[in-house]
Amino acid sequence: MMWIILGLVSCFLLGIYDISKKLSLNNNAVIPVLFYASLTGALLFVPLIIASYLNYLSPESLFYVAPIALKTHFLLFIKSFIVGVSWVFAFFALKHLPITIITPIRATGPVWTLIGALVIYHETYTIWQWIGIVVVILFFYYFSLAGNKEGINLKRNRWVLFIMLATFFGSFSTLYDKYLIANFDRMAIQAWFSIYMILVFLPFLFFLWYPNRKKGEAFQWRWSIPVIGIILSIADFSYFYALTYPGSLITILSVLRRTSVIISFSLGALIFKETNLKRKAIALIGIMIGVLIIVLGS
């Protein structure tokens, strides 16, 4: 089934995306990495926006970017702002923490999404979803014990707080996506969201990083930086395209997307020679089992 293949492609690319971020951020300035990675992703969509506007692409094309109202542009800018805040927290955390610490925390995202949906959309959940939430919480506690063995206190470490805030804002963005995807063209969402990410990061670049660039860590250009934007754009496009196939199941696609953390964890452990892997792997597998119960129990 093509939609499953596309889901697997998205999963694999998201795993590589995390590794590219870590390679780009090690001993490097965070804000320029964020900006140039986002710029690369945005540049992929500029030709599609222009070609669609000039009618070089027909509305039937997979790459057609439908025109949207001014109000919709504002809504997409809000999405970019939410994701931008999430990325700032996530990139700073990823620079300072092992990727095998980052991935289990990010894997708890569906729990925050469920809690947000409960509050915002007043959704009700099955007994299996509540069981899944409990499983995630239990294994997250076990994971905190693994962090303590590396001298990383999950309650007091600033960068752990950053990745948890990144996960929270990312989950809020997922809830917002539910509204956007139900009401607007998928290519318009992805294209204009990518463009507005540049506007979100420009103030960080010019007012936060540039005046203090000589005081902090110097920026080093690496080819892994544009890879971040390119891979994320292709991964998201594959996921959204998979959803358009008749008979595609969003629950299965969601599970496939979530399993990308296993790729990030495994490759990160090999590439960056990280330690205490057994405990962290058990915690990650337990969290993923909880996520699987949540998704399949919906």
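Placed from the backbone N, Cα and C atoms, the Cβ positions cover glycine too.
Annotations in TrEMBL come from automatic prediction, not curation.
Each residue in the domain 'EamA' (1-141) gets a DSSP state, and the totals come to 110 helix, 0 strand, 31 coil. According to TrEMBL, the domain 'EamA' annotation covers 1-141 (among others).
The transmembrane segment feature in TrEMBL is assigned to 34-54 (among others).
The transmembrane segment annotation in TrEMBL covers 74-94 (among others). Same-chain residues lying 6 or more positions outside the transmembrane segment (74-94) and placing a CB less than 8 Å from one of its CB atoms are 18, 21-22, 25, 30, 33-34, 38, 68, 102, 106, 159-160, 162-163, 165-167, 169-170, 172-173, 176-177, 180, 184, 188-189, 192-193, 196-197, 199-201, 204.
Panel annotation: around the transmembrane segment (127-147), residues 101, 104-105, 108, 110-111, 114, 153-155, 157, 160, 276, 279-280, 282-284, 286-287, 289-298 of the same chain, lying at least six beyond its termini, place a Cβ under 8 Å from a Cβ of the stretch. According to TrEMBL, the feature transmembrane segment maps to 127-147 (among others).
Taken from TrEMBL, the feature domain 'EamA' covers 158-295 (among others). Helix, strand and coil content of the domain 'EamA' (158-295), in residues and according to DSSP, is 114 helix, 0 strand, 24 coil.
Long-range neighbours of the transmembrane segment (159-176) within the same chain, counting only residues 6 or more positions beyond its ends whose Cβ lies under 8 Å from a Cβ of the stretch, are 78-79, 82-83, 85-90, 92-94, 96-97, 101-102, 105-106, 108-110, 112-113, 116-117, 120-121, 147, 152-153. Taken from TrEMBL, the feature transmembrane segment covers 159-176 (among others).
Residues or ranges marked as transmembrane segment by TrEMBL: 188-211 (among others). Within the chain carrying the transmembrane segment (188-211), a Cβ under 8 angstroms from the stretch's Cβ atoms is held by residues 29, 31-32, 34-35, 38-39, 41-42, 44-46, 48-49, 65-68, 72-73, 76-77, 79-81, 83-84, 88, 177, 180-181, 233, 236-237, 240, all 6 or more beyond its ends.
Per TrEMBL, transmembrane segment is recorded for 223-243 (among others).
What TrEMBL lists as transmembrane segment is 249-272 (among others).
Under the heading transmembrane segment, TrEMBL lists 281-297 (among others). If you look at the transmembrane segment (281-297), the same-chain residues 6 or more away from its ends with a CB under 8 A from one of its CBs are 103-104, 107-108, 110-111, 114, 125-129, 131-140, 142-143, 146, 251, 254-255, 258-259, 261-262, 265.
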Can you tell me the mean pLDDT for the domain 'EamA' (158-295)? 88
If one takes Cβ-Cβ under 8 Å and requires six or more residues beyond its ends, the residues near the transmembrane segment (34-54) are 21, 24, 63-67, 87-88, 91, 187, 190-192, 194-195, 197-198, 201-202, 204-205, 221, 225-226, 228-230, 232-233
